[in-house]
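So that you can see what the record holds, here are the features copied from TrEMBL:
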{"type": "TRANSMEM", "residues": "A:22-39", "note": "transmembrane segment"}
{"type": "TRANSMEM", "residues": "A:45-64", "note": "transmembrane segment"}
{"type": "TRANSMEM", "residues": "A:76-93", "note": "transmembrane segment"}
{"type": "TRANSMEM", "residues": "A:99-119", "note": "transmembrane segment"}
{"type": "TRANSMEM", "residues": "A:131-155", "note": "transmembrane segment"}
{"type": "TRANSMEM", "residues": "A:180-198", "note": "transmembrane segment"}
{"type": "TRANSMEM", "residues": "A:229-248", "note": "transmembrane segment"}
{"type": "TRANSMEM", "residues": "A:268-291", "note": "transmembrane segment"}
{"type": "TRANSMEM", "residues": "A:303-327", "note": "transmembrane segment"}
{"type": "TRANSMEM", "residues": "A:347-366", "note": "transmembrane segment"}
{"type": "TRANSMEM", "residues": "A:387-408", "note": "transmembrane segment"}
Amino acid sequence: MSTPATTPLTAGTRRLIPLNHALPWIIAAVCLFILPYVFDSRSALTIMNQMAITIVFALSYNMLLGQGGMLSFGHAVYMGLGGFFCMHLLNWVEAGLWLPLPLLPVFGGLFGLFFAFLIGSFSTRRAGTVFAMISLGVGELVAACSVIIVIFFGGEEGISGDRTMGPEVLGWDFGPQEQVYYLTALWLLIAALGMFLYSRTPIGRVANAVRDNEERAEFLGYSQRHVRWMSFMASGFFAGIAGALFAINFEILTEENLNLTTSGSILLVTFLGGVGFFVGPIIGAIVFTLLQTVLSLYTEIWALYLGILFVATVMFFPGGLAGLLAMHVLPWKLGKIGHLVVPYAKMLIPALAFVLSAAAVLEILFHKRHAGLGDHEMNLYGITFDSHGAMPLITVLAIAAVSLFAIVKLAPGLKAAWDDATHMGGHHG
Amino acid sequence: MSVPAIELRGLEKSFGLAKIIQGVDLKIDKGERHAIIGPNGAGKSTLFNLITGKYAPTAGSVHLHGQDVSGKKPFEINRMGLSRSFQITNIFHNMTVFENVRCGLLWSMGYKYSFWHMVNGQRHLTEKADEILEQINLTSRRNVVAGALAYAEQRALEIGITIAGGADIIMLDEPCAGMSHSETDLIVDLIRKVTEGKTLVVVEHDMGVIFDLADRISVLVYGEIIESDTPENVRASKAVQEAYLGTTLEDAG
Ligand SMILES: Nc1ncnc2c1ncn2[C@@H]1O[C@H](COP(=O)(O)OP(=O)(O)O)[C@@H](O)[C@H]1O
Ligand SMILES: [Mg+2]
């Protein structure tokens, strides 16, 4: 090997934590620290907390899906059970148990781990469809139990508590939202770092091996079942931490926290962000939480848009948002990222027009069906009009059609620009 | 006499009604280089799968170093010091060449299911993996994704993964299948080098390779071993000539 610069043969002799590895984490920590100074409203803090919880949950989900190749339809079970146990713990703290709040996620994690140990003992025997079906069945089962076993799950109302009853830590009682934010952010860092490091341990690497070729892994001394079970337990542990953070933030857990809808949406979040990259679920959780909060302020059918986004991601960008970003590394390295700016900007206009007009079609139809009797007046993008008239619908349909036509027309140009930007050599055409 | 490395006793395997392996008895001594030959569909790969735990025998038993391992899982048998390669390349296509080899090392180097070591920080592990890359001549391809390798390189990697764990019984299923003459020569050299002092069981069609490598040859025809002897005696055997070899042996001679 004559090019030592490109072959890190020294990988094994490097220091434990090289700076370029630690840097992203340091930046993340600094960002987490200053964010509340930038966005200091109560609702912003709530959204950021929500994001942090979703990130931990999505990262734990990706330990299964991305790292282990296990498609679970019931991952909310581990976050939910971890959360419920923590809620009970909080109530015991109120009754006199000594437990500082910052330690609660440890217990949430252990509860998640415990249930993943139990359920994983049979669900991880097989990968693929069998695993997916069992996860679905267990998810349904636990959700059903949560309505039946009232003493533990609290029935319809769920279980609530008070996070401020424990001993103060450094003078903090965790009443104010800001203190909760810093607690959540700290645990986000701990959990994310833990999961990142896990992926670089022998068991983490072998989880990838089993995902890619379970037969070969068996002939190298690894029981595919044990490997999957361990991944499952680790994933349950971190999901449990997310559950504890949820309990701390919202002080209530209900059936909603462990039902199939929640399980389904974490799959969506993770896939949207990209299962093939560690940062994928982080991006997915941030985008999803933002979209959810912003969209739900403006429209009742936000879930429909998220669904469309999910389908579009699966169909056109199976690598998710992270995959989309990663695609641009090559043009960047070739120094041709600039060649894409103009084609992208050209495409942006019809694309935006199409999205907005298509959404307008849906909104008008929805308003027609669901607005109160005689309520024909509709407001969209700052324009007020009669939703029952033919003109508005025809107009937006026409805009959608024209912009779609423009997109189709511009597509070959974009493709050519892309090919040029991803290949070495001179200018294209 | 010492305990054979591999001993098969009355081994049988049926798939549904088809009896593919019909009563095989075979002893392979420690340090022996044993070749299994036979026409396509004779059951050579099935025999490999029975010995290595991919399939459980329908009847009879498999013994490793005197211990009955019939019905044990592949990973259990691997941990007893037996490692195999596959006729159809079986590597981790999405991982780099280096990572492939490292995966072959993890269990045997005692990392097992550890979640408290960082793989990149393990000097011994990295050095050992690089040593194996050197042996299989893939150092220059170290950081290439295995799926992107040329066919012959993938076959070399297949062998690298197989021998990485330091197993003392190595079983290679048609290591030279689909290779050109020059590539075959390289692989045979490689096999000889990396299996030095080990028990080797190899399935191969190329008679040149067989006579080059093997101390003893077993001829498998329709799931039965019709002859198991030194290359010279197998070459001379009437039964073998009639059943399988015909004139090909003379050509190879
Ligand atoms: N899993 C299986 N199920 C059914 N039949 C099989 C299976 N594996 C092998 N066979 C059959 O066993 C016979 C021997 O196959 P194989 O062991 O691959 O032969 P060889 O390696 O000697 O060419 C073939 O007829 C094949 O179709
Ligand atoms: Mg075969």
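Cβ atoms here come from the backbone N, Cα and C positions, even for glycine.
Remember, TrEMBL labels are computer predictions, not curated facts.
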Non-local residues, at least 6 beyond the ends, that sit with Cβ under 8 Å of the transmembrane segment (A:180-198): 25, 28-29, 32-33, 35-36, 45, 48-49, 52-53, 55-56, 59-60, 63, 101-102, 105, 163, 174, 204, 234, 238, 241-242, 244-245, 248-249, 278, 282
Surrounding residues of the transmembrane segment (A:303-327) on its own chain - C-beta under 8 Å, 6+ positions past either end: 268, 271-277, 279-280, 283-284, 287-288, 291-292, 295, 359, 362
Stretch contact, the transmembrane segment (A:131-155) with the transmembrane segment (A:268-291), Cβ-Cβ under 8 Å, 3+ pairs: no
Leading stretch by Cβ pairs under 8 Å, where the reference is the transmembrane segment (A:268-291) and the options are A:22-39, A:45-64, A:76-93: A:45-64
Residue numbers, six or more beyond the limits of the transmembrane segment (A:45-64), whose CB comes under 8 Å of its CB atoms: 35-36, 39, 70-72, 75, 78-79, 177-178, 180-181, 184-185, 187-188, 191-192, 195, 198-199, 207, 231-232, 234-239, 241-242, 245-246, 249, 266-267, 269-270, 273, 275, 278, 280-282, 284-286, 288-290, 293
Positions whose Cβ lies under 8 angstroms from the transmembrane segment (A:22-39), at least six residues beyond its ends: 45, 48, 178, 181-182, 185, 188-189, 192-193
Intrachain neighbours beyond the transmembrane segment (A:76-93), with Cβ under 8 angstroms and 6 or more residues off its ends: 57, 60, 99, 104-105, 107-109, 111-112, 115-116, 119, 138-139, 142, 146, 152-153, 159-163, 165-166, 235-236, 239-244, 246-248, 251-253, 257-260, 262-263, 266
